[in-house]
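First the structure, which I've put down as structure tokens, then a few questions once you've had a look.
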Amino acid sequence: MSSALPPFRPSLVSDPLSARQDPSLPGILPVSAPILIEDIGPRVSDGRYPIKRVLGEGVVVSAAVFRDGHVPLAAALLWRRSPRPGEPAGGRGAWHEVPLTQIEPGLARWRARFDPPAIGRFDYLIEAWSDDWAGWRHDTLIKRDAGLDLSLEVLEGMALIEATIARIDGTDQAADQGLLSSWLADAQGLETAGGRATLMLSETLDAVMARHPDRSGAVRSGPPLSVVVDPPRAGFAAWYEMAPRSQASEPGRWGTFADCAARLPDIRAMGFDTLYLMPIHPIGRIHRKGPNNSLKAGPDDPGSPYAIGAAEGGHTAIHPELGTLDEFRALVAQAGEMGMDVALDIAIQCAPDHPWVSEHPEWFEFRPDGTIKYAENPPKKYQDIVNLAFWGPHRQELWLALLEVFTFWAEQGVRVFRVDNPHTKPVPFWEWLIATVKARYPDCIFLAEAFTRPPMMKMLAKIGFTQSYSYFTWRTTKAELTSYMEELVEDDPADYMRVNFFANTPDILPFHLQTGGRPAFMQRLVLAATLSSVYGIHNGFELCENAAIPGKEEYADSEKYDFKPRDWNAEGNIKDLIAKVNWIRNENPALQAFRTLRFFRADNDQILFYGKMTGDRANIILVAVNLDPHAGQGGLLWLPLAEMGLSDGQPFIVEELLSGTRLEWTGSPHHYWFDPATNPAAIFRITP
């Protein structure tokens, strides 16, 4: 194991114009170009962190570009692949260029778009310059139309053409050089200034001159900004979480990887594309937890899979009851053949009998009496877990060992990692680790399971986590859902934080699922799957399991501490609804995006009405959900006709995709009724 951490140097970005001092002027007078480039977007924390996109999603960049006076400007968006760690600067290739278009002249706003061609990290910046030829042509046209003498203007224009001829370089541009020389000679052969001006003001000449601007005085916006381009499933996916040991078809034995593989067709039939496994490693025996988190475990109690490590191995080992490494690889391969990724749960914590405790005691914290310090979140105590000393004197060796955990599983074919409680580990550690892993495996996806304060959740997203857990689990009212979603899609997080909406987790059985019965499960499924483009459920959700420890948001007899074999086709399941909702998501591109979410008016506080549409309006989806699982609700739905490109009297086709109903509506509003037991939600596809 190397004793030094691989280098990681985050890019600090700001965009003031660089100034140089002219020694002939007083020291307080900087000499700089007259062009200013301000308010570049998108950017995160003034460019300190990259924005995020998925492959196939373009990056629209805008800025204010202006200068003193009335000289016309031109600008371009420059982009290229970012250098990889250890790669020389020249290895990333030349800048690609896209012209900027002025979209709001009164505000000096310019905009352009580029489409990164691959997964990875890309840099971008703006370059602007004064367009002297456009300025000359604009002023000369006005003077000609006013009947003014153009003698001096002609001389100025000729000088600009001569400078362009001299500036053109390269055999591929020789044709333009010849054209300009011919035009110049023809103009010089004319006797009158008016005749020369007419020739020089031709649109054909203007097009040639525009191809060769004088950019010697061009200004760049400063150090480049960056975008991380992730695989499409970083932005659109449906996760199914399972406890592998609970997948046995009969009670009383451990589930195996073979049992997990046997369930793949059923999971895929429900429309899930990411199979998320709770930790699969050996489980500690010291202070092992019993059922319902009890402190006493019986001889046959399996313990918590989050108490990682025992005599059989640690974070790169597999619990022997689950199977072998070859059988795990076979599960990953079989899932891949069915169009599914396998996500692995990585919990950076150790059982007291994890091999690292005896092999590397310097990686842990000990109390004054010599006992190892176990994990606490007062008043909660986790006697079966000990934490690592991330800032201890041996942190380099520890950090490298943890890096090897992720790269080991990546080598087994895993490209998706759900990280347990990352907010309890140092942010610099995650920034370094994720960047290092993605330098080797750029298609890796990291999900941050961090239910914590918003600044920490946002920071984890900024420094590299691909997806984030969210507060959706606890947002239940119309006001709460609307406010929270608008914060995510319209405010600062939109460019860097992708939320994965889990309707439940092994740890969390929300009160609304405990009390709302089957209608609550149907309601929350539709909300999670249509509000966000990435969502998930923990196994048992499809069976509407809601037995809880009284007064707590915790499952009774949780499979975190026990086996839980099930009849996966038990009466009352909502598997058909899940399959239908996932089919709708896959068939409608509007639902595969997140930042296009908008809320619309519904005249009932128990009805949430919202929608998404593609930029070209080719796919328009509106969703209405009854938030009351106990009673039917109805109300007027006010459709956004203008946003959909419809006039008030124009008829349009409405398909309610959950029921298959097809309607013809005209105008807005329209009344709709929701029965929590039979139609707790409606998903409308609008066709003008």
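Any Cβ shown, glycine's included, is placed from N, Cα and C.
Look at Swiss-Prot and you will find Lys289, Gln349, Asp384, Asn421, Lys560, Tyr561 tagged as alpha-maltose 1-phosphate binding site, backed by sequence analysis. The active site, nucleophile feature in Swiss-Prot is assigned to Asp420. Taken from Swiss-Prot, the feature active site, proton donor applies to Glu449, supported by sequence analysis. For Asp507, the entry in Swiss-Prot reads site 'Transition state stabilizer'.
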About how far apart, in whole Å, are the alpha carbons (Cα) of Asp507 (site 'Transition state stabilizer') and Tyr561 (alpha-maltose 1-phosphate binding site)?
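Roughly 11 Å, rounded to the nearest whole number.
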Express in Å, rounded to the nearest integer, the largest CA to CA distance found among the alpha-maltose 1-phosphate-binding residues Lys289, Gln349, Asp384, Asn421, Lys560, Tyr561 named in the record.
19
On a count of neighbouring CB atoms within 10 A, which of the recorded positions Asp384, Asp420, Glu449 is highest?
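When each Cβ's neighbours within 10 Å are tallied, Asp384 tops the list.
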Just the number: how many Å between the Cα atoms of Lys560 (alpha-maltose 1-phosphate binding site) and Asp420 (active site, nucleophile)?
14
Reduce the DSSP letter at Asn421 (alpha-maltose 1-phosphate binding site) to three states and note it down.
coil
Listed binding-site residues are Lys289, Asp384, Tyr561; which of them have CA atoms within 10 A of the CA of the residue listed as 'active site, nucleophile'?
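Cα within 10 Å of the residue listed as 'active site, nucleophile': none.
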Look at the binding-site residues Gln349, Asn421 and tell me which residue has the greatest number of other C-beta atoms within 10 angstroms of its C-beta.
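Of Gln349, Asn421, the one with the most crowded Cβ is Gln349.
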What does the structure give for the C-alpha distance between the residue listed as 'active site, proton donor' and Asn421 (alpha-maltose 1-phosphate binding site)? Integer Å is fine.
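Distance between the two Cα atoms comes out at 5 Å.
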Report, as a single number, how many Cβ atoms besides its own are within 10 Å of the Cβ of Lys560 (alpha-maltose 1-phosphate binding site).
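Lys560 (alpha-maltose 1-phosphate binding site): 22 neighbouring Cβ atoms within 10 Å.
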Output, ordered by sequence, the same-chain residues six or more apart from Tyr561 (alpha-maltose 1-phosphate binding site) with a CB under 8 Å from its CB, or 'none'.
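Spatial neighbours, sequence-distant, of Tyr561 (alpha-maltose 1-phosphate binding site): Lys289, Gly290, Pro291, Asn292, Asn293, Ser294, Asp301, Pro302, Gly303, Ser304.
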Do you know which of the recorded positions Lys289, Asp507 has the most other C-beta atoms within 10 angstroms of its C-beta?
Lys289
